[in-house]
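**Student:** These came from TrEMBL, pasted as-is:
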{"type": "DOMAIN", "residues": "1-53", "note": "domain 'Cadherin'"}
{"type": "DOMAIN", "residues": "54-164", "note": "domain 'Cadherin'"}
{"type": "DOMAIN", "residues": "165-272", "note": "domain 'Cadherin'"}
{"type": "DOMAIN", "residues": "274-384", "note": "domain 'Cadherin'"}
{"type": "DOMAIN", "residues": "385-494", "note": "domain 'Cadherin'"}
{"type": "DOMAIN", "residues": "500-607", "note": "domain 'Cadherin'"}
{"type": "TRANSMEM", "residues": "621-643", "note": "transmembrane segment"}
Amino acid sequence: ESGLLYTKQRIDREALCRRSAKCQLSLEVFANDQEICMIKVEIQDLNDNAPAFPSDQVDMDISENAAPGTRFPLTSAHDPDAGDNGLRTYLLTRDDYGLFSLDVKSRGDGTKFPELVIQKPLDREEQSHHTLVLTALDGGDPPRSGTVQINVRLIDSNDNSPVFEAASYVVELPENAPLGTAVIDLNATDADEGTNGEVLYSFSGYAPERVRDLFSIDPQSGLIRVKGNLDYEESGLIEIDVQARDLGPNPIPAHCKVTVRLIDRNDNAPTIGFVSVRQGALSEAAPPGTVIALVRVTDRDSGKNGQLQCRVLGGGGGPGAIPFTLEENYDNFYTVVTDRPLDREAQDEYNVTIVARDEGNPPLNSTKSFSVRILDENDNPPRFSKNLYVLQVPENNIPGEYLGSVLAQDPDLGQNGTVSYSILPGHVGDVSIYTYVSVNPTNGAIYALRSFNYEQTKHFEFRVLAKDSGSPHRESNATVRVTVLDVNDNAPLIVLPALINDTAELQVPRNAGVGYPVGTVRALDSDFGESGRLTYEIVEGNEEHLFEMDPTSGEIRTLHPYWEELSPVAELVVKVSDHGKPSLSAVAKLIVRALAGPLPEAGEPQVNGEQHRRPHWDLSLPLIVTLSTVSIILLAAMITIAVKCKRENKEIRTYNCRIADGSGGGKGKKKKISKNDIMLVPSEGEDSRGPLNVMNVVSSPSLATSPMYFDYQTRLPLSSPRSEVMYLKPASNNLTVPQGHVGCHTSFTGQGTNASEAPPSRMSIIQVGDF
């Protein structure tokens, strides 16, 4: 939380950085899963270690014939400290006669080693033993030291010592050289004869144990071979101290140094380590550049063998590539980041593989993987399988019948992918769509809420909304078109000729001849298509084939020139059928009578013709006259009662106006006027009492084409109660009436309280022809 870095245990520089002069630790800190902080901690050395020798004392045998200047390597001390606190120098003490001196030399790796040098001729007879003290000092403040006692014993020896061809040799050897590989064949010669001239080779007594593990030397030939596995990364330079001594008494050995330089080979594959990997799932809404992991890649090889190229397997941004890439930071640190937006619906988990490859020959590579799970976000709206759904339902269906389903899919998970359906507000005509259909909010099933009639509604459309349950939610909609299929549910209706008890009478003059049009049967069918296509036929009464009927037009014609002689009165049963499944039909009986008299002129009616009807009495005629008379009397009584009674509800107004035609001899027409056909228009009027508010009651535009036109005027004081009734009275004849219309103009001058004065001015609408 605070970002404070503190030590967790005692730090021992010598344990952490054994051979490194500079001890530096690299720490990587992930801050907020985004930033990478590199911290380098340098461990400073303390002089907490004194130089130490392998043993407390060393025994040496030196021939008394050893000449001044002869050198003898001594054991080296080891100080784990580095830098100034490391081993600095050696001192030789307790040399009472000045016979010996100390020479400190440095190896190729910077380490120091001492050599004992003879300064004066030795005389074993004078003193056969010498005790020296070798002290190793470091550079600390204060310095630390270590000592070893050297016991020198003088012995007799032969005159000549072996001699190497060179004091030092340098050999280059590839690392990982096979065991047994020859390194160098040393050669030392001794001028003595016999056993005094035979030379034996061996490693110096103070050669490091590591040298003895890696190499072997043939004591007879001096051939040095590879004994262990050489590793350039462990040590690229190895120094071998070799001595040669003869077999004579008191031999004086000869020494040489063999330096082996290892040549690096690409024998180490890159090493991939995950410093930090993001825990948990990664949101698919994460922006590009989001850090997923911190990776460190190392290679122990050097040069080109240690140069690395790293990448994410399958990355690169091409088709099918994973949306991750590798960014190099420093010191072989890399971050794995997203390089484009994520889409969980396309892939919900990725196996990210890091590939590291060096530039050696042949190159080596390593791989390491980790998994990244993608967390779902509500980033997809529900999508319908179609933009337009077409459903069909036969008319006269049962309310609640299943019509079909809509389907919207949301690839998101959980609540983000849970889809609910609803119908958007709409109307079919003036009726809400919610009275027509409903939708199941869970599965999108659509049900009818009413029984449909094809003749009223052939099709209608509405929109279905699909909405998920995410936050915020996403939605989409689709159009549903419901087509009502026509069902043959309407039978044909015969409208011509006029039928009474499904019977009509047709009169045809005698001697009409073949092909004379007797009449035409007309029928209507409210159905459409094949269900509304009609066919006419004579099914009974035409056994002698006196008439024929057109199946399409329904026209009946004579087929026999003397039909009236064969059958003066023919009763034909006519059938009208539609072509629906199942087919519906209507039948009528036509009575065809032969009429005496001349043939009617063209254009005169032939069906129920009044001009050519023979005078005869039918039982139905008195019945018709009686019913008509009763109806007229009843209608007059109703109108009289309606005029006399006060209306208490002005909203219910129905007027029956009977307007005579010009001839006055025909039947009048009745016009039904509703309250929606009347408008009140304010105007200004005056009388002896001054200006008054006058309301003109005029016909509405919907009656513009009607044979009725009227303009009533009345004074409507604002204080008039609802129960007052205004009466009509004749108007002056100077009213201008639009041509082609019969007009009536009257003024409501009186109030309901003056009814006693009004009767002389009252008039019955149905008793006046023009008003």
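From the backbone N, Cα and C atoms, a Cβ is placed for every residue, glycine too.
Predicted automatically and left uncurated, TrEMBL annotations should be read as such.
Looking at the shown structure, can you explain where the listed features end up?
**Tutor:** Mean pLDDT for the domain 'Cadherin' (1-53) in this predicted model: 83.
Helix, strand and coil counts from DSSP across the domain 'Cadherin' (165-272) read 9 helix, 47 strand, 52 coil.
Residue counts of the domain 'Cadherin' (500-607) by helix, strand and coil are 8 helix, 51 strand, 49 coil (DSSP-based).
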**Student:** Would you list the DSSP helix, strand and coil counts for the residues of the domain 'Cadherin' (54-164)?
**Tutor:** 3 helix, 55 strand, 53 coil
**Student:** Going through 165-272, 274-384, 500-607 one by one, which has the most CB pairs that fall under 8 Å from the domain 'Cadherin' (1-53)?
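**Tutor:** The stretch I would name here is 274-384.
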